[in-house]
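Below you'll find the structure, written out as structure tokens, and then a few comments.
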Amino acid sequence: MEHVRVIFFFFACVLKIVPFICLAQKDKYEFPPGFNCVASGGNFTANSSFAGNLNGLVSSLSSLTSKPYGFYNLSSGDSSGERAYAIGLCRREVKRDDCLSCIQIAARNLIEQCPLTNQAVVWYTHCMFRYSNMIIYGRKETTPTLSFQAGKNISANRDEFDRLQIELLDRLKGIAAAGGPNRKYAQGSGSGVAGYPQFYGSAHCTPDLSEQDCNDCLVFGFEKIPGCCAGQVGLRWFFPSCSYRFETWRFYEFDADLEPDPPAIQPADSPTSAARTERTGKGKGGSKVIVAIVIPIVFVALFAICLCLLLKWKKNKSVGRVKGNKHNLLLLVIVILLQKDEFSDSLVVDFETLKAATDNFSPENELGRGGFGSVYKGVFSGGQEIAVKRLSCTSGQGDSEFKNEILLLAKLQHRNLVRLLGFCIEGQERILVYEFIKNASLDNFIFDLKKRQLLDWGVRYKMIGGVARGLLYLHEDSRYRIIHRDLKASNILLDQEMNPKIADFGLAKLYDTDQTSTHRFTSKIAGTYGYMAPEYAIYGQFSVKTDVFSFGVLVIEIITGKGNNNGRSNDDEEAENLLSWVWRCWREDIILSVIDPSLTTGSRSEILRCIHIGLLCVQESPASRPTMDSVALMLNSYSYTLPTPSRPAFALESVMPSMNVSSSTEPLLMSLNDVTVSELSPR
């Protein structure tokens with residue numbers, strides 16, 4: 001009977017973890033684009049034949065059927081002249097129906113953003129669309145351009161870095177150019193340098209180009225690197241006829257996870273085709289049979305291994321201890337699942353090793369204490385410094401955070417996210433091990449009158465851009481799509497070079513990319529009041545726009561040097577809320593007065609643009625807030641015109657007394673900005 005209960009609990013564990021392993025990466029397209037209205041192409045009049053043809057072409061997109069290769073060549077009009085020509089192209093991993101939807105949206109927005117322009121192009125995250133009054137099919141075009149850089153340069157092995165980068169891109173260029181008339185795309189990896197052991201890249205041309213034109217277009221793009229972004233650990237370049245990308249982390253799907261191309265049509269009497277199909281397992285049908293057989297076998301084997309481990313563990317422990325520490329069963333399953341991705345061997349850390357590293361968790365090594373435990377500085381025997389988070393044994397919420405951080409952070413790799421080095425399970429002990437961040441958290445600098453004088457505008461702008469890239473990775477580019485839910489200054493750690501790293505994923509939530517246009521709800525609201533979006537604080541409704549709101553608050557805090565205390569302060573109960581104050585100054589055209597007086601240098605136009613972006617992020621309506629993809633575009637491209645912000649959501653204090661919010665074990669402080677359920681992040 002006891003074994004039956006163990007097996008039942010095991011299934012409950014598996015069901016709990018399935019969302020983490022089954023949520024495949026799916027890209028979306030509903031992001032504000034990078035427009036370029038080609039001024040050199042001239043203009044047309046609203047009542048011209050070209051205007052009618054262009055509008056007709058865009059309208060006809062809604063009646064098209066999706067194509068298998070993500071490429072659309074379109075034209076509208078008769079032979080009398082003033083025909084409209086257009087091309088649409090999607091990234092390789094975008095599903096067919098999503099691709100067509102992306103191009104439809106891009107086309108509609110492009111003619112709205114570039115009215116009466118003869119030629120224009122727009123790049124979305126996952127597709128591009130261009131139109132012209134001249135034939136563009138089969139003709140290489142390398143202007144205009146759009147580019148993004150990571151903002152971080154390689155600090156050593158520069159020559160080797162540049163050589164291996166170009167070597168990888170050149171190899172991908174050759175593969176893409178030879179791709180044939182349906183698709184000219186290549187993705188792949190290559191050897192890197194110390195600190196970045198693997199390089200990743202992609203190259204893409206519109207398939208209407210000849211092999212030579214595709215090659216020339218990409219070469220033209222590669223030649224841009226030395227003048228703008230040599231040594232950058234990440235970059236993207238977009239041209240009307242081609243694009244390429246280089247990163248030090250895998251940003252693309254594996255080939256096996258991509259939607260397969262349709263089989264090539266062979267003549268019915270082709271013996272070569274028949275023989276090839278037989279040798280490959282009767283084509284697609286054979287692979288489906290193999291998948292149908294292999295998947296159940298894998299799950300049965302996984303179940304058998306888990307069950308054996310569970311029963312062996314149970315045999316060596318008393319029943320009372322099992323009941324008292326039931327979550328260790330779930331954690332054993334987590335280890336097995338991590339082993340599937342070759343993480344567990346390197347992530348599991350022995351308890352005695354951590355005791356030695358922290359001098360038996362000495363109070364002298366304690367960096368901070370939060371609602372779910374303490375954080376200690378430690379040093380491994382090899383000299384590596386670490387931050388050790390020891391969760392409280394009595395905190396049920398700590399269990400939840402522990403599982404979250406292992407399952408998420410173990411598979412998240414980004415320069416602007418804190419890195420999980422390992423974890424430990426020893427009886428009642430639950431311990432997480434992180435990289436050690438020397439400069440502690442952002443709040444220690446930005447809210448300290450003396451320390452924030454060390455932060456010139458260049459450093460603050462780097463912080464804003466780094467946090468934006470980290471959130472964009474969580475929302476769009478990571479293996480999982482994640483809503484952080486507790487972004488705040490104390491959860492932004494700063495390394496030795498003041499690069500920001502997002503920390504504390506205990507409250508993070510996975511979300512299904514098929515449902516990104518809708519909101520999710522929770523009856524248990526957790527987070528920090530000053531950074532909570534109103535729809536989340538009041539109704540428990542959250543989405544990626546919840547993180548965008550928190551980011552906007554953070555941007556305004558970084559620029560003003562003030563905390564968002566929701567209309568209260570320690571010395572003045574009638575103090576004006578930070579967002580309210582900034583909004584009032586914006587409306588009264590005295591916005592320069594909100595800039596931190598210690599910011600004596602730096603581009604005022606750049607600072608004002610960041611305030612503008614911050615106000616867009618804290619708008620009351622979630623639908624009005626930009627996505628992080630859009631924010632990254634706003635920060636990197638001054639050609640993008642910022643929309644006018646609407647009223648921020650700053651009147652939260654009126655609803656706070658009636659809200660059922662999870663609280664930490666710490667007493668509430670005077671500032672509502674500090675009311676939080678999050679523990680102190682590793683430093």
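Placement of Cβ uses the backbone N, Cα and C atoms for every residue, glycine included.
According to Swiss-Prot, the topological domain 'Extracellular' annotation covers 25-288, on the basis of sequence analysis. Look at Swiss-Prot and you will find 32-136 tagged as domain 'Gnk2-homologous 1'. Marked as domain 'Gnk2-homologous 2' by Swiss-Prot: 142-251. If you look up Swiss-Prot, you'll see 263-283 marked as region 'Disordered'. Taken from Swiss-Prot, the feature transmembrane segment covers 289-309, and the record attributes it to sequence analysis. What Swiss-Prot lists as topological domain 'Cytoplasmic' is 310-683. Annotation source Swiss-Prot lists domain 'Protein kinase' at 361-641. Annotation comment: Swiss-Prot describes TYR434, TYR536 as phosphotyrosine, evidence class similarity to another entry. Feature annotation from Swiss-Prot assigns active site, proton acceptor to ASP486; the stated evidence is sequence analysis. For SER490, the entry in Swiss-Prot reads phosphoserine, with the evidence type similarity to another entry. Sequence annotations record features per position, and here Swiss-Prot assigns phosphothreonine to THR528.
Swiss-Prot feature annotations superimposed on the structure.
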residue: TYR434; record: phosphotyrosine; Cβ neighbours (10 Å): 24
residue: ASP486; record: active site, proton acceptor; Cβ neighbours (10 Å): 27
residue: SER490; record: phosphoserine; Cβ neighbours (10 Å): 23
residue: THR528; record: phosphothreonine; Cβ neighbours (10 Å): 24
residue: TYR536; record: phosphotyrosine; Cβ neighbours (10 Å): 26
_Proximal residue to TYR434 (phosphotyrosine) among recorded positions ASP486, SER490, THR528, TYR536 (C-alpha distance)_ = SER490
*asked:* In the three-state scheme derived from DSSP, which category covers TYR434 (phosphotyrosine)?
replied: strand
*the topological domain 'Extracellular' (25-288): mean pLDDT?*
82
*Secondary structure at ASP486 (active site, proton acceptor) (DSSP, helix/strand/coil)?*
coil
*Secondary structure at the residue listed as 'phosphothreonine', reduced by DSSP to three states*: strand
*Using C-alpha atoms, which one of the recorded positions ASP486, SER490, TYR536 comes nearest to the residue listed as 'phosphothreonine'?*
ASP486
*Round to the nearest Å and give the CA-to-CA distance linking TYR536 (phosphotyrosine) with ASP486 (active site, proton acceptor).*
12
*Give the residue counts of the domain 'Gnk2-homologous 2' (142-251) per reduced DSSP state, in the order helix, strand, coil.*
36 helix, 37 strand, 37 coil
